[in-house]
Amino acid sequence: MKKGEIYEGMIETIEFPNKGIVWVKDESVGETVRVIVKNGMPGQKVRFQINKKRKNRCEGRLLEVLEKSEREVREPVCDAFPACGGCMYQTMAYKDQLSMKAGQVRALIEDALVRGGQVKADAPEEADYVFEGIQGSPLEFGYRNKMEFSFGDAVKDGPLTLGLHKKGSTYDVLTTGDCKIVHEDFTKILKCVLEYCREQKLSYYRKMSHEGYLRHLLVRRAQTTGDILVNLVTSSQAEHDFTELVEELLKLELEGHITGILHIINDSLADVVQSDETRILYGKDYFYETILGLKFKITPFSFFQTNSLGAEVLYSAARNYIGSTKDMTVFDLYSGTGTIAQILADVSKKVIGVEIVEEAVEAARENAVLNHLDNCEFIAGDVLKVLDDVEEKPDFIVLDPPRDGIHPKALEKIIQYQVPKMVYISCKPSSLARDLEILLAGGYRVERVQCVDMFPATVHVETVVMLSHKKPDSVINVKVEFGEGEGKVPLDNIAKRAEAYKPKERVTYKMIKEYIEAKYGFKVHTAYIAEVKRDLGLPMYDVPNAVEELKQPRKHPTAEKVEAIKDALKYFDILK
Ligand SMILES: C[S@@+](CC[C@H](N)C(=O)[O-])C[C@H]1O[C@@H](n2cnc3c(N)ncnc32)[C@H](O)[C@@H]1O
């Protein structure tokens, strides 16, 4: 198999977030190879081109869907599908989307449990934590309370467009005039603004040359109050009077109501929505949203969960795990506009929120006053640094970091508090799995896991994890001196050991099973793989994965299965 070659095959499964797994025969060596093909659906027959080939990892670029999947049970709901790429799973039944996402999270968590030492690779049946499945979003469509549309064109020098970027393109913008994951009010506003800008022949800002005027349209709509904030973002390269546009927008027949129309000037070279200057064209520059009975003031740039009703499900799941915090000091790390802190405030002694965006911290403070809570403190700054300066010690910690997860050094500081319990809310399970390994190594164990789907039809999924601290049975102190001389550990040795322990491409039991099924046409149990490895004297931690549970007394593999397992171990370089 070489880079550039074209193959066909069936997408057997999808690993988080959108990694389709296809097994194909590489005729040049007579082997069956596992290829990752992104952006497909489970069960589709696809044609793809190999674009990455490494020893244990092969990737292909999807060229064409040859046959639809049986799991595509309905017609696309919008005309930007599949070019937009935002709602890849919209043709799958919602129930099916949910079970696929739950399976993806479970596999990642259970890998992390093995790698972090909570579960032994050869005894997956001893995975002593509770995986509670997935809760869906109350709304399958129209669930987003915020959308950032870009101005551009769909083809070079084509007519002005306003909407979302084409999948995989930084430049081409599709007009998403019937996007179904936002309320109809969003599309009415989008069409009105686009029509006006086309009539006025306003230019759009080009990312390469940094020339042009129109940049983004940011719309926020509170799901519970129907308040709408319209933000038109331009460069400062022209001056335009938007009075007529404001009149047009206010004439629209909307289900909600516009509380503010803002003109934001942004000359930043980066393609992000931010403000050098904000002009209020109508109304005010904020609105209110209600979550679990609490009121939150939202400004154009403050972080707020984008699915308000879904956030209620997520926060309820977290609150359920957090339990009673009476007389406790709680740290809400990565607190945004302080939603979680305020949900916990009236059942805690004190809550301290830490958040890096100053504007969100100011909003959090205002929100606490609005909700008559006087035991919340919000600190602006990076968690990594702020934890060094906070004098109070937490009794309980809630973590809700951004997609990339938690900085390892911040995790170290969090672990040092040794709080008996923590709840980690994650919007990216692969970052969560990486952070869990560090938390497990730091003496924590995973007790319960609940997934919540906040973004139906997309690849995203949220996870809430309850962790508890394992108290050590006993403690011994070991003093190690580094350097040359008797009784010291030479630094050279450390460098060699570090080299030997460098992370290798991870081969899971699942990969071995998939290889065997594709090549030999039969399934093998995890326990059989473990048994063959034990018999061969292979280290048991080399092939971690623990997804299945034993449902009957352990049997032994047949000779045929033993040979197939040995072949797979050789294929993945575990057996030389
Ligand atoms: C997933 S949001 C959670 C917000 C909040 N808990 C909520 O539910 O609304 C993550 C938040 O972390 C903030 N953040 C990102 N990096 C940070 C850091 N190093 N220190 C503190 N806050 C950070 C972001 O600005 C964002 O508000």
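Even glycines carry a Cβ here, placed using N, Cα and C.
So that you can see what the record holds, here are the features copied from TrEMBL:
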type: ACT_SITE; residues: CYS427; note: active site
type: ACT_SITE; residues: CYS427; note: active site, nucleophile
type: BINDING; residues: GLN305, TYR334, GLU355, ASP400; note: S-adenosyl-L-methionine binding site
What is the interatomic distance between the Cα atoms of CYS427 (active site) and GLN305 (S-adenosyl-L-methionine binding site), given in whole Å?
-> 10
Greatest Cα separation in angstrom, residues GLN305, TYR334, GLU355, ASP400 binding S-adenosyl-L-methionine per the record, works out to 15
Counting every protein chain shown, other Cβ atoms within 10 Å of the Cβ of GLN305 (S-adenosyl-L-methionine binding site) number 22
Distant-in-sequence Cβ neighbours of GLU355 (S-adenosyl-L-methionine binding site), under 8 Å, six or more positions away | TYR334, SER335, GLY336, GLY338, VAL361, ALA364, PHE378, ILE379, ALA380
Using Cβ-Cβ distances, find the residues under 8 Å from ASP400 (S-adenosyl-L-methionine binding site) that belong to the same chain and are at least 6 apart in sequence, listing them in sequence order.
-> ASP332, LEU333, TYR334, SER335, GLY336, ILE340, TYR424, ILE425, SER426
Output field, S-adenosyl-L-methionine shell: CB within 8 Å of site CB centroid, site GLN305, TYR334, GLU355, ASP400 dropped | PHE303, ASP332, SER335, GLY336, THR339, ILE340, PRO401, PRO402, ILE425
Cβ atoms other than its own within 10 Å of the Cβ of CYS427 (active site), all chains, total 21
Looking only at Cβ atoms, how many others are within 10 Å of the one on TYR334 (S-adenosyl-L-methionine binding site)?
-> 19
